[in-house]
Amino acid sequence: MLRRLLQTMAFETKILKVDPKSILFSETAHIDGSLPTITDPETEQNLLEAARTIRDTDDTVGFPTETVYGLGGSSLNDKSVLNIYKAKNRPSDNPLISHISSIDQLNRKIYGQESCSDILQNIPQIYRSLTEKLWPGPLTILLPVPQQSTLSKLTTADQPTFAVRIPSNPIARALIALSDTPIAAPSANQSTRPSPTLASHVFHDLKGRIPLILDGGACSVGVESTVVDGLVSPPLLLRPGGFTWEQIRSMGGPQWVDCKVENKKTVSEGEKVRTPGMKYRHYSPQAKVILFAPQEGSAPLEKRLENVKSVITDHARDVRGFAVLSSLTFPDNLLDDPHGIYRCLGSSNTEIQANLFAYLRQVDEMPNIDIIFVEGIDEEGEGLAVMNRLRKAASNNVVSF
Ligand code: TXA
Ligand code: MG
């Protein structure tokens, strides 16, 4: 028991600062793979150390992307991928996204093609419009696993497809480019916890379990990438994320107009699913979460807020303390109750999305907070991804208002 504990606590986790503004890529670097210029020597040195860890060892590194912090290891190396699953306590049947810095790297490192007559030959037509417009960025596509694949079977959890994206965060891109290694990276949280959007969140969850975290500040998007499957007809949106369903439908070309949202919230153990991650508990703080979901065309706002107040008052009676995360309609002075603390997630969907995980973590870490009440938003635009995360955090404690 003690030996096992010591094995998982084997690292003194270092946090190294990196400055995203000091990293410059050319316009075409995400296609041809040209390396960035890095003007700050400390950033360059820290990135090179992290890149060596990814390329030359089986260890993992926490690093920022534009969506959330990732826990990265080589997609090509079984031991690195095992170490990712181990550090996070992640079930190993949930496949990982491979992060690449360029299409050139995809061709060389995953398809083993040193030179290609057409650099886009491994990107099926169905994805071309999306990848041209949305890469680098929070879009993940599924590709068939090539016959002679270099990818670790643990990265793909033995699925016939693999997930891949080119992140836009300069630190993530530079780390992948400098290591010249496709990086498998789930969110860098303990499995079941809210995803991390600051280096301190990664440290909180994984200290002692990984050697290194690159600290590049807050993630701008705040929810994970949008996962799409264009290999089926009509194409599917498997996970709502940083790009909205509306954006995918309007930018993907004619076939994406019919893109459907995969809607299963949970499935039973052992059932085959398109996105294996969906069957697990997710995004959960320690405190119980109760989500208020807005309902269209119901009573006047004042009446609806009365209802909200009475639900909170009922639940709050038996707890030590509670938090209310409001968004677009709950007023600051919703309740006059000293056991409650109040935070506003933001006044636009993008702000709410960016703050969501950080605020869930922030109030969860305060002493004696037993319940977190959250004001949900309409499931349009960013609302779809926000409500997807909140419904899971609330594990179906949802009250309409
Ligand atoms: O923004 C993101 O995507 C972040 C950052 C770090 O890049 N990464 C992330 O990874 O969210 P993760 O492992 O937490 O989520 C990956 C999702 C899971 O729901 C997984 O089941 C799904 O992608 N996925 C991966 N490979 C798949 C495949 N071959 N078929 C279907 N779903 C797949
Ligand atoms: Mg995750």
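Residue 1 is the first one shown; counting continues down the chain.
Heads up, the Cβ atoms here are built off N, Cα and C, so glycines get one too.
TrEMBL: automatically predicted annotations, no manual curation.
Annotation source TrEMBL lists L-threonine binding site at THR67, HIS99, ARG165, ALA185, SER225. Around the Cβ of SER225 (L-threonine binding site), a 10 Å sphere holds 27 further Cβ atoms from the protein chains shown. Secondary structure at SER225 (L-threonine binding site), taken from DSSP and collapsed to helix, strand or coil, is coil.
TrEMBL lists ARG90, ASN94, THR161, SER187, SER195, ARG239, TYR283 with the feature ATP binding site. There are 26 other Cβ atoms within 10 Å of the Cβ belonging to SER195 (ATP binding site). Secondary structure at SER195 (ATP binding site), as computed by DSSP, is coil.
The annotation domain 'YrdC-like' is assigned in TrEMBL to 44-243.
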*Taking the binding-site residues HIS99, SER187, SER225, TYR283, which residues show a Cβ-atom distance to ligand 2 below 6 Å?*
SER187
*Over the domain 'YrdC-like' (44-243), what is the model's average pLDDT?*
97
_List, in residue order, those binding-site residues out of ARG90, ALA185, SER195, TYR283 with a Cβ under 6 Å from any atom belonging to ligand 1._
ALA185
_Whole-number Å value of the largest CA-CA distance among THR67, HIS99, ARG165, ALA185, SER225, listed as L-threonine-binding_ = 13
